[in-house]
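Visitor: Could you have a look at this structure, given as structure tokens, before my questions?
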């Protein structure tokens, strides 16, 4: 069983951070989430070697050299097919977590990583560019699944006052993955031409470690009780994850949620979108997930080397500067992880997007003025660092955590499909559109990202309540009140309606728990 690591209030269930919770958070993040960050960055360093391999392979097959346009197209497909795989994976999440459970999905989908690793690792020996492309597609599928399932799993096993901390652990490991790819891609390590297949196939190592250890840990207690109705397994899992505390209160909270969902099975995406009782939660997931990618972070990563080059950094040292930005990502992620339970979700998201918006506008200003004011080149570097740090503090991980917190058990898988698919579609769109936007708007293209960041920060400030230290049922009631107020404002016309009854909505996430709300003429405005 788990051993106690931290105890702040002996009388409360939610006060314990156990070694079991930490172990599961690290294992799932190390063996799954980290691979997303690694695969995002790993193709940058060996790009020239991969293109050279593609060219030689075509020459050996057809006897003709590929023209530059065809070679660029083939390499672009290698990079972008990862996002297409991610979209496919995100659409599979609902079926997988319902059938195999949260932990079961993480374990069973590990096979995808091993298949992809073998394909990419032996592609050079077999002289097959197709093996690299298919391998990238399969790793994309795995990342699309992991980006949704890991936060869902951690959000369900964590006590309410540690849900934010554990929920941001995957985002730290995503940053670690990016940093690892940048570090290993240095010429002194695996950045040589003969090593690029090994660099691509290293993803199998963390997944193997995860596969050896994770099956020994229990499934999500909420999944076991609410979906599988297995009380004994639920109690066993809670004792493993909580240790030395009374779990009765937490079981009662799960049973209360189970009773509210007793007439409702797991919803499909279409049912989720048609459910008016969760419209604010769905809209919030849409806004924060699209905003996460349209914030310009992908464009910044794309343009970083050019900005550093314009700042006067020697070409041979840019790769080391890029590794430095990876270290900043990790520091930003750690700051967010260790402050979220003190500050809450809203300040990190609002603050992160605001910092990014200001820095995007700063890049535009510095790029315009650096011709006449040479010191503005260093301002642009500072703005790049600010955007990366702002993103990793909040917007990098909190959207996935919010998706888990804003929905009950029956709605959560469909919500992750919506959020995940929009995330990957937006990712692909930015990668495809940004070069054209840059050509047409020049330095002003970053003002588009600044506007998106400010818009998302404003939406979160105005419409998304703080969920820190709240149970899933309490969060449900918060949105119930918002829905009731909005319906009252829409239906009550001053001077025309004497009596209005808001009847209890059955089975939905936005359910009013205490009968009906009545407003009569004595309490209405005259």
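Just so it is clear, glycine is given a Cβ too, placed from its N, Cα and C backbone atoms.
The transmembrane segment annotation in TrEMBL covers 21-38, 73-97, 104-122, 134-153, 165-184, 196-217, 282-303, 318-340, 347-369, 375-402, 414-437, 443-464. Annotation source TrEMBL lists domain 'Major facilitator superfamily (MFS) profile' at 25-468.
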Visitor: By a Cβ-Cβ criterion of under 8 Å, what residues six or more beyond either terminus of the transmembrane segment (134-153) are in contact with it?
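Guide: Contacts with the transmembrane segment (134-153): 24, 28-29, 32-33, 35-36, 39, 43, 78-79, 81-93, 96-97, 102-103, 105-106, 109, 112-113, 115-117, 119-120, 123, 167, 170, 200, 203, 220, 397, 400-401, 403-404, 412-413, 416-417, 419-420, 423-424.
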Visitor: Return yes if the transmembrane segment (375-402) and the transmembrane segment (318-340) have at least 3 CB pairs under 8 Å (sequence gap of 6 or more), otherwise no.
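Guide: They do touch: at least three Cβ pairs between the two stretches lie under 8 Å.
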Visitor: With the transmembrane segment (282-303) as the reference, which stretch in 73-97, 104-122, 318-340, 347-369, 414-437 has the largest tally of C-beta pairs below 8 Å?
Guide: 414-437
Visitor: Using a Cβ cut-off under 8 Å, which residues of the same chain at least 6 positions beyond either end of the transmembrane segment (414-437) come close to it?
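Guide: For the transmembrane segment (414-437), the sequence-distant neighbours (Cβ-Cβ under 8 Å, at least 6 residues beyond its ends) are 79-80, 83-84, 86-87, 89-91, 93-94, 97, 144, 147-149, 152, 266-269, 271-273, 281-282, 285-286, 288-290, 292-294, 296, 298-299, 302, 399-400, 403-404, 406-407, 445, 448.
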Visitor: Where else in the chain does the transmembrane segment (347-369) make close Cβ contacts, counting only residues six or more beyond its ends and a cut-off under 8 Å?
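Guide: For the transmembrane segment (347-369), the sequence-distant neighbours (Cβ-Cβ under 8 Å, at least 6 residues beyond its ends) are 288, 291, 295-297, 307, 310, 336, 339-340, 376-377, 379-380, 382-384, 386-387, 389-391, 393-396, 398-399, 402, 442-447, 449-454, 456-457, 460-461, 464.
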Visitor: Quick test of the contact rule: Cβ under 8 Å, at least six residues beyond the ends. What residues does that give for the transmembrane segment (443-464)?
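Guide: For the transmembrane segment (443-464), the nonlocal Cβ contacts are 280, 283-284, 287-288, 291, 294-296, 299, 345-346, 349-350, 353-354, 356-358, 360-361, 363-364, 367-368, 402, 434, 437.
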